Amino acid sequence: LQGIFVLGLPYALLHSGYSGLFLIILAAALCCYTGKILIAWLYEENEDGQLIRVRDTYEDIANACCKKLSPKLGGIVVNVTQVMELIMTCILYLVVSGNLLSHSFPYVPVTEKTWSVIAFVTLLPCVFIKTLKIVSKLSQLCSLVHFIIILVVMTYCLTQIHQWSWAKFRLSIEFEDFLVSVGVIIFSYTSQIFLPTLEGNMKNPGEFRCMLNWTHFFACVLKTTFALTAFLTWGEETKEVITDNLPSFLQTLVNLCLLTKALLSYPLPFFAATEIVYACISRGNHSNYRSPLFALGVRGSFLLLTLLMAMFIPHFAVLMGLTGSVTGAAMTFLLPSLFHLKLKWKKLSFLEKCADISVFILGFLCSLAGTVCSIKGLLEVFG
């Protein structure tokens, strides 16, 4: 919930004004809600009225919703969508790592692609990750580095408090720029892909809803505080990645911290994607598909694939925006609300039905608008 997207929130405020502050709060509430209903599908009541976990993954939920059309159609759609988003996320971390290294050592005669290869070498141990416990340790370190970055940026901003002015906020906004801001804010909260696995690995799954409430609340407070202080410091000069606004003596330090964060962030989407792919391949009874050596091969192939795509995909940022608009909105808003209506229709109150329908419509509009803007960007890039 506190990913690299956070560094783009001040830029989002530049283009959304006061409405951006409201969007940060609204996005937290909506993503928390869809996370809860996603986990609610995993359970069914038994004859005694007790909740029993009858499903384990997003795929199981999709198959249950689409079983009348096809027993496996829903699962295939969800798995393809999940893997696409996770692959693009992994590629983004490699591209970002190469970019950060080239900016941190501008006098070294090495291209960004070569730096990406160097970053890739440090990620080779990921092929030996077998459990979520290892990933969680790396994520803890990632969170620590993230808070160091936020602390450095906010400390500098507080030293410039004498320059702050609320007049820097826009009252009028341009529609296309506003849509970019909506995408940045919403996708900075997305975590639905990981929630079924996370809930299933908790020592006390009964605390999941409470955990989700508190994490989204604190994420909202931190995002709002960070975005506001940074924007009030630089105003119209706010750049897409706020660390680019820092003076040069701080930029190198923060860039190296960002590099560490990007490398530590890679294992989570990598582990999630390889688990989905391996589960799909090894679903049969053939023993060769369930051997540790085969699992190692799947992880190694996936790791190499992300490097090759990071090296050869042109205009990656635009393609990432297009993929995010389609898969991110689908996994965060469209599918959770649609599946909840499908599976729980008879048990839902009128207000709950209205909430799900509203979330679905909002997600559809965000996805449509983001897709149109991304396609327009692609057309401009390719002339």
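Quick reminder: no glycine exception, Cβ is built from N, Cα and C everywhere.
Per TrEMBL, these features apply:
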DOMAIN    2-375  domain 'Amino acid transporter transmembrane'
TRANSMEM  20-43  transmembrane segment
TRANSMEM  76-95  transmembrane segment
TRANSMEM  115-132  transmembrane segment
TRANSMEM  144-166  transmembrane segment
TRANSMEM  178-198  transmembrane segment
TRANSMEM  210-233  transmembrane segment
TRANSMEM  253-281  transmembrane segment
TRANSMEM  293-313  transmembrane segment
TRANSMEM  319-339  transmembrane segment
TRANSMEM  359-379  transmembrane segment
Pairs 6 or more apart in sequence, C-beta under 8 angstroms, 3 or more of them: is that satisfied by the transmembrane segment (253-281) and the transmembrane segment (178-198)?
yes
When counting C-beta pairs under 8 angstroms to the transmembrane segment (76-95), the leading stretch of 20-43, 115-132, 178-198, 293-313 is 293-313
One stretch in 20-43, 115-132, 144-166, 178-198 has more Cβ pairs under 8 Å to the transmembrane segment (293-313) than the rest, namely 115-132
The answer for the transmembrane segment (20-43), taking Cβ pairs under 8 Å and residues 6+ beyond its ends, is 9, 12-13, 51-56, 58, 60-61, 64, 181-182, 185-186, 188-192, 195-196, 199, 208-209, 212-213, 216-217, 219-220, 223-224, 227-228, 332-333, 336-337, 339-340, 343-344, 355-356, 359, 362
